[in-house]
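Since the structure comes first, as C-alpha coordinates, the remarks are kept for the end.
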Amino acid sequence: FLSVTEDLVRRRAEHNNCEIFSLEEISLHQQEIEKLEYLDKWCRDLKILYLQNNLIPKIENVGKLKKLEYLNVALNNIERIENLEGCEELKKLDLTANFIGELSSIEALKYNIHLKELFLVGNPCTEFEGYRQFVVATLHQLKCLDSKEIERSERIQALQNYPEVKQKIREQEQAYLLKRAREKEEAQRRMQERKDKKQKQMESNIGFDSSDSLQNKENHQAEGDGEQETWSRVDDDEEDRRFWEEPTPYTPESRLETHRYIEEKRRAKDNIRESKKREKPLQTLVTAEGKVLNVNVPKLHFSLKDDEENNQIILDLAVYRHLDTSLLDVDVQPTYIRVLVKGKPFQFVLPEEVKPDSSSAKRSQTTGHLVVTMPKAKEIILAKQKVSTSIKHSDCNTLQKNARSGQAEKLEVDPSKYSFPDVTKIIQEKERIGQGPIRLQPEKVTETKKSYVDFENNEDV
(Lines of atoms letter the chains of each structure in order from A and count residues from 1; the text may use other names and numbers.)
(Lines give C-alpha, C1' and ligand atoms only; values in the text may rest on other atoms or scores of the structure.)
Protein backbone atom coordinates (compact mmCIF):
# COMPACT_ATOMS: atom_id res chain seq x y z
CA PHE A 1 0.00 0.00 0.00
CA LEU A 2 0.98 3.62 -0.51
CA SER A 3 1.38 5.85 2.53
CA VAL A 4 2.29 9.48 3.11
CA THR A 5 6.05 9.91 2.57
CA GLU A 6 8.31 12.77 3.63
CA ASP A 7 9.35 13.31 0.01
CA LEU A 8 5.70 13.72 -1.03
CA VAL A 9 5.00 16.19 1.80
CA ARG A 10 8.11 18.23 0.95
CA ARG A 11 7.17 18.39 -2.74
CA ARG A 12 3.69 19.58 -1.77
CA ALA A 13 5.17 22.20 0.56
CA GLU A 14 6.71 24.31 -2.22
CA HIS A 15 4.72 27.35 -1.07
CA ASN A 16 6.47 27.05 2.31
CA ASN A 17 10.04 26.72 0.89
CA CYS A 18 9.70 22.91 1.29
CA GLU A 19 9.77 23.28 5.10
CA ILE A 20 7.31 20.89 6.72
CA PHE A 21 7.65 21.64 10.45
CA SER A 22 5.98 25.09 10.07
CA LEU A 23 3.45 24.02 7.42
CA GLU A 24 -0.10 25.32 7.93
CA GLU A 25 -1.81 24.03 4.79
CA ILE A 26 -1.14 21.03 2.56
CA SER A 27 -2.95 19.36 -0.32
CA LEU A 28 -2.41 15.61 -0.76
CA HIS A 29 -5.39 14.89 -3.00
CA GLN A 30 -5.32 12.23 -5.78
CA GLN A 31 -2.09 10.61 -4.56
CA GLU A 32 -3.47 7.04 -4.26
CA ILE A 33 -2.68 7.11 -0.51
CA GLU A 34 -3.91 3.97 1.25
CA LYS A 35 -2.64 4.70 4.75
CA LEU A 36 -2.68 7.97 6.68
CA GLU A 37 0.39 8.36 8.90
CA TYR A 38 3.29 10.59 10.09
CA LEU A 39 1.48 13.90 9.48
CA ASP A 40 0.81 14.43 13.21
CA LYS A 41 4.58 14.08 13.87
CA TRP A 42 5.93 16.14 10.92
CA CYS A 43 3.39 18.97 10.61
CA ARG A 44 2.13 19.90 14.09
CA ASP A 45 1.03 23.41 12.96
CA LEU A 46 -1.35 22.21 10.22
CA LYS A 47 -4.60 24.17 9.97
CA ILE A 48 -5.93 22.91 6.60
CA LEU A 49 -5.49 19.36 5.30
CA TYR A 50 -6.80 18.17 1.91
CA LEU A 51 -6.84 14.39 1.42
CA GLN A 52 -9.73 13.96 -1.02
CA ASN A 53 -9.85 11.28 -3.73
CA ASN A 54 -7.45 8.77 -2.19
CA LEU A 55 -7.94 5.20 -0.90
CA ILE A 56 -7.79 5.89 2.85
CA PRO A 57 -9.88 3.30 4.77
CA LYS A 58 -9.54 4.81 8.25
CA ILE A 59 -9.12 8.23 9.91
CA GLU A 60 -5.93 7.92 11.98
CA ASN A 61 -2.75 9.75 13.00
CA VAL A 62 -4.34 13.20 12.94
CA GLY A 63 -5.36 13.36 16.64
CA LYS A 64 -2.27 15.37 17.63
CA LEU A 65 -2.98 18.17 15.15
CA LYS A 66 -4.32 20.58 17.81
CA LYS A 67 -4.52 23.54 15.39
CA LEU A 68 -6.36 21.70 12.58
CA GLU A 69 -9.42 23.71 11.49
CA TYR A 70 -10.46 22.02 8.22
CA LEU A 71 -10.12 18.36 7.24
CA ASN A 72 -11.23 17.18 3.79
CA VAL A 73 -11.27 13.39 3.33
CA ALA A 74 -13.98 13.24 0.64
CA LEU A 75 -13.96 10.35 -1.89
CA ASN A 76 -12.09 7.83 0.25
CA ASN A 77 -12.92 4.41 1.73
CA ILE A 78 -13.75 5.57 5.29
CA GLU A 79 -16.49 3.53 7.05
CA ARG A 80 -16.67 5.19 10.47
CA ILE A 81 -15.83 8.52 12.15
CA GLU A 82 -13.08 8.15 14.76
CA ASN A 83 -9.77 9.46 16.19
CA LEU A 84 -10.64 13.16 15.85
CA GLU A 85 -11.08 14.00 19.55
CA GLY A 86 -7.60 15.56 19.73
CA CYS A 87 -8.36 18.07 16.92
CA GLU A 88 -9.52 20.73 19.36
CA GLU A 89 -9.85 23.54 16.80
CA LEU A 90 -11.71 21.52 14.12
CA LYS A 91 -14.38 23.74 12.52
CA LYS A 92 -15.13 21.98 9.23
CA LEU A 93 -15.14 18.26 8.34
CA ASP A 94 -15.83 16.98 4.82
CA LEU A 95 -16.62 13.26 4.52
CA THR A 96 -18.49 13.45 1.19
CA ALA A 97 -18.79 10.20 -0.87
CA ASN A 98 -17.27 7.74 1.62
CA PHE A 99 -18.77 4.49 2.98
CA ILE A 100 -19.97 5.60 6.43
CA GLY A 101 -22.85 3.34 7.41
CA GLU A 102 -22.17 3.35 11.14
CA LEU A 103 -23.96 6.65 11.75
CA SER A 104 -23.75 6.36 15.55
CA SER A 105 -19.96 6.91 15.17
CA ILE A 106 -20.68 10.66 14.78
CA GLU A 107 -21.08 10.74 18.57
CA ALA A 108 -17.25 10.88 18.66
CA LEU A 109 -17.53 14.45 17.28
CA LYS A 110 -19.27 15.71 20.45
CA TYR A 111 -15.82 16.57 21.83
CA ASN A 112 -15.03 18.85 18.86
CA ILE A 113 -16.85 21.82 20.39
CA HIS A 114 -15.83 24.25 17.59
CA LEU A 115 -17.21 22.04 14.78
CA LYS A 116 -19.65 24.15 12.73
CA GLU A 117 -19.86 22.40 9.33
CA LEU A 118 -20.20 18.71 8.51
CA PHE A 119 -20.59 17.06 5.07
CA LEU A 120 -21.86 13.47 4.80
CA VAL A 121 -23.46 13.60 1.31
CA GLY A 122 -22.95 10.40 -0.70
CA ASN A 123 -22.52 8.10 2.31
CA PRO A 124 -24.85 5.10 2.88
CA CYS A 125 -25.96 6.55 6.24
CA THR A 126 -27.65 9.53 4.50
CA GLU A 127 -30.30 7.08 3.18
CA PHE A 128 -31.30 6.01 6.70
CA GLU A 129 -34.71 7.15 7.86
CA GLY A 130 -34.26 9.99 10.39
CA TYR A 131 -30.59 10.57 9.39
CA ARG A 132 -30.68 14.39 9.54
CA GLN A 133 -32.70 14.51 12.75
CA PHE A 134 -30.26 12.13 14.46
CA VAL A 135 -27.18 14.19 13.47
CA VAL A 136 -28.80 17.52 14.43
CA ALA A 137 -29.86 16.17 17.82
CA THR A 138 -26.48 14.47 18.54
CA LEU A 139 -24.16 17.35 17.60
CA HIS A 140 -25.49 20.49 19.33
CA GLN A 141 -22.55 22.65 18.17
CA LEU A 142 -23.29 22.12 14.44
CA LYS A 143 -24.51 25.12 12.45
CA CYS A 144 -24.59 23.53 8.97
CA LEU A 145 -25.12 19.94 7.76
CA ASP A 146 -24.59 18.98 4.09
CA SER A 147 -24.53 22.67 3.02
CA LYS A 148 -27.92 23.29 4.67
CA GLU A 149 -28.14 25.54 7.69
CA ILE A 150 -29.64 24.04 10.89
CA GLU A 151 -32.45 26.22 12.20
CA ARG A 152 -33.36 26.48 15.87
CA SER A 153 -36.85 25.02 15.34
CA GLU A 154 -35.32 22.01 13.52
CA ARG A 155 -33.00 21.31 16.48
CA ILE A 156 -35.84 21.56 19.04
CA GLN A 157 -37.96 19.11 17.04
CA ALA A 158 -35.00 16.70 16.57
CA LEU A 159 -34.30 16.70 20.32
CA GLN A 160 -37.99 15.94 21.08
CA ASN A 161 -37.97 12.85 18.79
CA TYR A 162 -34.40 11.80 19.66
CA PRO A 163 -35.12 8.47 21.53
CA GLU A 164 -37.34 7.10 18.74
CA VAL A 165 -35.00 8.29 15.95
CA LYS A 166 -31.99 6.81 17.74
CA GLN A 167 -33.69 3.40 17.97
CA LYS A 168 -34.56 3.47 14.23
CA ILE A 169 -30.99 4.42 13.32
CA ARG A 170 -29.57 1.53 15.41
CA GLU A 171 -31.80 -1.00 13.60
CA GLN A 172 -30.87 0.31 10.16
CA GLU A 173 -27.21 0.30 11.17
CA GLN A 174 -27.36 -3.38 12.15
CA ALA A 175 -28.96 -4.27 8.80
CA TYR A 176 -26.27 -2.31 6.94
CA LEU A 177 -23.43 -3.96 8.89
CA LEU A 178 -24.79 -7.42 8.01
CA LYS A 179 -24.94 -6.40 4.35
CA ARG A 180 -21.32 -5.12 4.56
CA ALA A 181 -20.17 -8.44 6.04
CA ARG A 182 -21.70 -10.27 3.05
CA GLU A 183 -20.06 -7.79 0.63
CA LYS A 184 -16.67 -8.39 2.24
CA GLU A 185 -17.07 -12.15 1.88
CA GLU A 186 -18.08 -11.75 -1.78
CA ALA A 187 -15.11 -9.47 -2.47
CA GLN A 188 -12.77 -11.99 -0.81
CA ARG A 189 -14.21 -14.79 -2.98
CA ARG A 190 -13.85 -12.76 -6.20
CA MET A 191 -10.29 -11.86 -5.34
CA GLN A 192 -9.42 -15.52 -4.70
CA GLU A 193 -11.01 -16.49 -8.04
CA ARG A 194 -8.93 -13.92 -9.87
CA LYS A 195 -5.76 -15.17 -8.18
CA ASP A 196 -6.53 -18.80 -9.10
CA LYS A 197 -7.32 -17.83 -12.69
CA LYS A 198 -4.07 -15.91 -13.00
CA GLN A 199 -2.13 -18.83 -11.52
CA LYS A 200 -3.67 -21.26 -14.06
CA GLN A 201 -2.94 -18.85 -16.90
CA MET A 202 0.70 -18.59 -15.84
CA GLU A 203 1.02 -22.38 -15.59
CA SER A 204 -0.54 -22.88 -19.03
CA ASN A 205 1.85 -20.28 -20.52
CA ILE A 206 4.84 -22.07 -18.98
CA GLY A 207 3.55 -25.40 -20.32
CA PHE A 208 3.05 -23.92 -23.78
CA ASP A 209 6.57 -22.46 -23.78
CA SER A 210 8.18 -25.77 -22.73
CA SER A 211 6.26 -27.90 -25.29
CA ASP A 212 6.91 -25.34 -27.99
CA SER A 213 10.63 -25.32 -27.27
CA LEU A 214 10.72 -29.10 -27.52
CA GLN A 215 8.97 -29.22 -30.91
CA ASN A 216 9.85 -26.49 -33.39
CA LYS A 217 11.48 -23.63 -31.53
CA GLU A 218 13.28 -22.20 -34.55
CA ASN A 219 10.13 -21.85 -36.66
CA HIS A 220 8.23 -20.32 -33.78
CA GLN A 221 10.89 -17.72 -33.12
CA ALA A 222 10.72 -16.62 -36.73
CA GLU A 223 6.92 -16.58 -37.08
CA GLY A 224 5.28 -17.13 -33.72
CA ASP A 225 6.50 -14.13 -31.75
CA GLY A 226 4.13 -11.80 -33.57
CA GLU A 227 1.27 -14.31 -33.29
CA GLN A 228 1.86 -14.79 -29.57
CA GLU A 229 1.85 -11.02 -29.06
CA THR A 230 -1.42 -10.74 -31.01
CA TRP A 231 -3.01 -13.54 -28.96
CA SER A 232 -1.87 -11.96 -25.68
CA ARG A 233 -3.31 -8.62 -26.83
CA VAL A 234 -6.63 -10.29 -27.69
CA ASP A 235 -6.67 -12.01 -24.28
CA ASP A 236 -5.94 -8.73 -22.53
CA ASP A 237 -8.73 -6.96 -24.42
CA GLU A 238 -11.14 -9.77 -23.54
CA GLU A 239 -10.11 -9.63 -19.87
CA ASP A 240 -10.53 -5.84 -19.89
CA ARG A 241 -13.99 -6.09 -21.40
CA ARG A 242 -15.06 -8.73 -18.84
CA PHE A 243 -13.66 -6.72 -15.91
CA TRP A 244 -15.36 -3.44 -16.84
CA GLU A 245 -18.69 -4.98 -17.95
CA GLU A 246 -19.12 -7.23 -14.90
CA PRO A 247 -21.65 -5.61 -12.52
CA THR A 248 -20.20 -5.15 -9.01
CA PRO A 249 -21.51 -3.31 -5.95
CA TYR A 250 -19.88 0.02 -5.12
CA THR A 251 -17.89 -0.88 -2.02
CA PRO A 252 -14.46 -0.01 -0.58
CA GLU A 253 -13.25 -3.41 -1.79
CA SER A 254 -14.45 -2.91 -5.40
CA ARG A 255 -12.92 0.57 -5.45
CA LEU A 256 -9.61 -0.83 -4.22
CA GLU A 257 -9.83 -3.73 -6.68
CA THR A 258 -10.39 -1.32 -9.59
CA HIS A 259 -7.41 0.74 -8.53
CA ARG A 260 -5.23 -2.38 -8.24
CA TYR A 261 -6.37 -3.62 -11.67
CA ILE A 262 -5.57 -0.28 -13.36
CA GLU A 263 -2.17 -0.19 -11.61
CA GLU A 264 -1.43 -3.77 -12.71
CA LYS A 265 -2.27 -2.97 -16.34
CA ARG A 266 -0.16 0.16 -16.26
CA ARG A 267 2.83 -1.76 -14.89
CA ALA A 268 2.42 -4.47 -17.53
CA LYS A 269 2.42 -1.82 -20.28
CA ASP A 270 5.51 -0.19 -18.78
CA ASN A 271 7.29 -3.56 -18.65
CA ILE A 272 6.45 -4.25 -22.32
CA ARG A 273 7.68 -0.78 -23.28
CA GLU A 274 10.91 -1.29 -21.34
CA SER A 275 11.51 -4.73 -22.84
CA LYS A 276 10.95 -3.31 -26.35
CA LYS A 277 13.45 -0.57 -25.60
CA ARG A 278 15.98 -3.16 -24.49
CA GLU A 279 15.32 -5.39 -27.50
CA LYS A 280 15.56 -2.51 -29.97
CA PRO A 281 18.83 -2.94 -31.91
CA LEU A 282 21.38 -0.17 -31.62
CA GLN A 283 21.56 2.20 -34.55
CA THR A 284 24.52 1.38 -36.83
CA LEU A 285 26.70 4.47 -37.06
CA VAL A 286 29.90 2.86 -38.36
CA THR A 287 29.89 -0.34 -40.45
CA ALA A 288 32.09 -3.34 -39.71
CA GLU A 289 34.39 -2.23 -42.56
CA GLY A 290 34.85 1.16 -40.81
CA LYS A 291 32.63 3.16 -43.16
CA VAL A 292 30.90 6.08 -41.39
CA LEU A 293 27.19 6.40 -42.25
CA ASN A 294 24.92 9.43 -42.53
CA VAL A 295 22.24 9.08 -39.83
CA ASN A 296 19.39 11.40 -38.73
CA VAL A 297 17.42 9.54 -36.03
CA PRO A 298 15.94 12.71 -34.41
CA LYS A 299 14.70 13.74 -37.91
CA LEU A 300 15.98 17.30 -37.71
CA HIS A 301 16.42 19.77 -40.56
CA PHE A 302 20.01 20.84 -41.15
CA SER A 303 22.20 22.79 -43.55
CA LEU A 304 25.93 22.50 -44.34
CA LYS A 305 27.75 25.59 -45.57
CA ASP A 306 31.24 25.63 -47.05
CA ASP A 307 32.65 29.01 -45.97
CA GLU A 308 35.58 29.30 -48.40
CA GLU A 309 36.39 32.85 -47.40
CA ASN A 310 37.18 31.79 -43.82
CA ASN A 311 38.29 28.28 -44.85
CA GLN A 312 35.74 26.48 -42.65
CA ILE A 313 32.61 24.30 -42.74
CA ILE A 314 29.49 25.42 -40.82
CA LEU A 315 26.72 22.99 -39.79
CA ASP A 316 23.36 24.47 -38.78
CA LEU A 317 21.24 21.82 -36.99
CA ALA A 318 17.61 22.83 -36.32
CA VAL A 319 17.26 21.48 -32.75
CA TYR A 320 14.09 22.40 -30.85
CA ARG A 321 14.15 25.93 -29.49
CA HIS A 322 13.19 24.98 -25.91
CA LEU A 323 15.44 21.91 -25.71
CA ASP A 324 17.90 22.14 -22.82
CA THR A 325 21.51 22.39 -24.02
CA SER A 326 22.53 19.71 -21.49
CA LEU A 327 20.61 17.20 -23.64
CA LEU A 328 22.95 17.84 -26.60
CA ASP A 329 26.29 16.06 -27.01
CA VAL A 330 28.52 17.21 -29.89
CA ASP A 331 31.45 15.09 -31.15
CA VAL A 332 33.53 16.48 -34.04
CA GLN A 333 35.91 14.06 -35.77
CA PRO A 334 38.28 14.87 -38.70
CA THR A 335 35.96 13.24 -41.26
CA TYR A 336 32.49 13.38 -39.66
CA ILE A 337 30.37 15.06 -36.96
CA ARG A 338 28.05 13.31 -34.50
CA VAL A 339 25.42 15.07 -32.37
CA LEU A 340 23.33 13.22 -29.78
CA VAL A 341 19.95 14.95 -29.32
CA LYS A 342 18.29 13.46 -26.21
CA GLY A 343 20.34 10.31 -26.88
CA LYS A 344 19.26 10.08 -30.54
CA PRO A 345 22.21 10.26 -32.94
CA PHE A 346 22.59 12.68 -35.83
CA GLN A 347 25.71 11.85 -37.87
CA PHE A 348 27.03 13.45 -41.05
CA VAL A 349 30.10 12.66 -43.14
CA LEU A 350 31.98 15.89 -43.93
CA PRO A 351 33.04 16.71 -47.52
CA GLU A 352 36.51 17.69 -46.33
CA GLU A 353 38.81 16.96 -43.39
CA VAL A 354 38.46 19.40 -40.48
CA LYS A 355 40.30 20.27 -37.26
CA PRO A 356 38.28 18.95 -34.27
CA ASP A 357 40.37 20.87 -31.69
CA SER A 358 39.69 24.26 -33.30
CA SER A 359 35.95 23.61 -33.83
CA SER A 360 33.27 25.42 -31.82
CA ALA A 361 29.57 24.75 -31.11
CA LYS A 362 27.03 27.45 -30.19
CA ARG A 363 23.25 27.76 -29.77
CA SER A 364 21.42 30.51 -31.61
CA GLN A 365 19.62 32.77 -29.13
CA THR A 366 16.78 33.50 -31.55
CA THR A 367 16.07 30.14 -33.22
CA GLY A 368 17.74 27.77 -30.75
CA HIS A 369 19.59 26.05 -33.62
CA LEU A 370 22.94 24.40 -32.96
CA VAL A 371 25.69 26.01 -35.07
CA VAL A 372 28.98 24.06 -35.29
CA THR A 373 31.95 25.83 -36.91
CA MET A 374 34.73 23.49 -38.11
CA PRO A 375 37.97 24.94 -39.61
CA LYS A 376 39.32 22.91 -42.54
CA ALA A 377 42.54 20.95 -42.00
CA LYS A 378 43.87 21.86 -45.46
CA GLU A 379 45.20 25.40 -45.09
CA ILE A 380 44.88 27.85 -48.01
CA ILE A 381 47.78 30.28 -48.39
CA LEU A 382 46.20 33.66 -48.91
CA ALA A 383 48.04 35.98 -51.37
CA LYS A 384 49.04 39.42 -50.08
CA GLN A 385 50.01 41.01 -53.46
CA LYS A 386 47.08 43.42 -53.57
CA VAL A 387 47.76 44.82 -50.14
CA SER A 388 51.54 45.17 -50.73
CA THR A 389 51.20 46.85 -54.15
CA SER A 390 48.76 49.39 -52.79
CA ILE A 391 51.24 50.19 -50.05
CA LYS A 392 54.14 50.44 -52.57
CA HIS A 393 52.21 52.84 -54.84
CA SER A 394 51.36 55.03 -51.89
CA ASP A 395 55.08 54.96 -50.99
CA CYS A 396 55.94 56.16 -54.50
CA ASN A 397 53.42 58.97 -54.31
CA THR A 398 54.82 60.23 -51.01
CA LEU A 399 58.37 60.04 -52.40
CA GLN A 400 57.37 62.06 -55.45
CA LYS A 401 55.68 64.69 -53.30
CA ASN A 402 58.67 64.92 -50.98
CA ALA A 403 61.08 65.25 -53.93
CA ARG A 404 59.07 68.17 -55.24
CA SER A 405 58.97 69.92 -51.86
CA GLY A 406 62.66 69.27 -51.33
CA GLN A 407 62.10 67.53 -47.93
CA ALA A 408 63.93 64.32 -46.96
CA GLU A 409 61.59 61.54 -45.83
CA LYS A 410 62.47 58.18 -44.28
CA LEU A 411 61.28 55.18 -46.21
CA GLU A 412 59.75 52.23 -44.30
CA VAL A 413 60.92 49.22 -46.31
CA ASP A 414 58.91 46.62 -44.35
CA PRO A 415 55.22 46.89 -45.41
CA SER A 416 54.04 45.42 -42.06
CA LYS A 417 55.41 48.51 -40.29
CA TYR A 418 53.55 50.91 -42.55
CA SER A 419 51.32 53.00 -40.28
CA PHE A 420 49.02 54.85 -42.72
CA PRO A 421 45.42 53.90 -41.75
CA ASP A 422 43.49 51.94 -44.36
CA VAL A 423 39.87 53.06 -44.01
CA THR A 424 38.51 50.02 -45.87
CA LYS A 425 40.01 47.63 -43.32
CA ILE A 426 39.58 49.26 -39.92
CA ILE A 427 39.10 45.86 -38.23
CA GLN A 428 42.39 44.06 -38.54
CA GLU A 429 42.18 40.64 -40.03
CA LYS A 430 44.12 37.97 -38.19
CA GLU A 431 46.90 36.51 -40.28
CA ARG A 432 46.00 32.91 -40.91
CA ILE A 433 48.81 30.56 -40.00
CA GLY A 434 48.51 26.79 -40.41
CA GLN A 435 47.58 24.90 -37.22
CA GLY A 436 48.01 21.41 -38.65
CA PRO A 437 50.96 19.04 -38.40
CA ILE A 438 52.83 21.01 -41.13
CA ARG A 439 53.05 24.68 -40.17
CA LEU A 440 52.44 26.76 -43.24
CA GLN A 441 53.73 30.34 -43.14
CA PRO A 442 52.46 32.65 -45.86
CA GLU A 443 55.37 34.12 -47.78
CA LYS A 444 55.91 37.85 -47.53
CA VAL A 445 55.87 39.42 -50.93
CA THR A 446 58.77 41.79 -51.56
CA GLU A 447 59.00 43.60 -54.80
CA THR A 448 62.31 44.69 -56.36
CA LYS A 449 63.12 48.29 -56.05
CA LYS A 450 63.88 48.42 -59.78
CA SER A 451 60.19 48.37 -60.56
CA TYR A 452 59.98 52.02 -59.66
CA VAL A 453 61.16 54.84 -61.86
CA ASP A 454 62.61 57.94 -60.12
CA PHE A 455 64.03 55.82 -57.33
CA GLU A 456 67.49 56.57 -56.02
CA ASN A 457 69.13 54.10 -53.64
CA ASN A 458 70.59 55.92 -50.64
CA GLU A 459 72.47 53.70 -48.22
CA ASP A 460 72.18 56.28 -45.39
CA VAL A 461 68.37 56.10 -45.42
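Cβ atoms are placed via backbone N, Cα and C, with glycine included.
Keep in mind that TrEMBL annotations are predicted by a computer and have not been checked by a curator.
Here is what TrEMBL says about this protein:
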- 182-201: compositional bias 'Basic and acidic residues' (COMPBIAS)
- 202-214: compositional bias 'Polar residues' (COMPBIAS)
- 230-245: compositional bias 'Basic and acidic residues' (COMPBIAS)
- 255-376: domain 'Dynein axonemal assembly factor 11-like CS' (DOMAIN)
- 182-254: region 'Disordered' (REGION)
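Taken as a whole, the domain 'Dynein axonemal assembly factor 11-like CS' (255-376) shows an average pLDDT of 86 in this prediction. DSSP states for the compositional bias 'Basic and acidic residues' (182-201), grouped as helix (H, G, I), strand (E, B) and coil, give 20 helix, 0 strand, 0 coil.
DSSP labels the residues of the domain 'Dynein axonemal assembly factor 11-like CS' (255-376) in these numbers: 28 helix, 45 strand, 49 coil.
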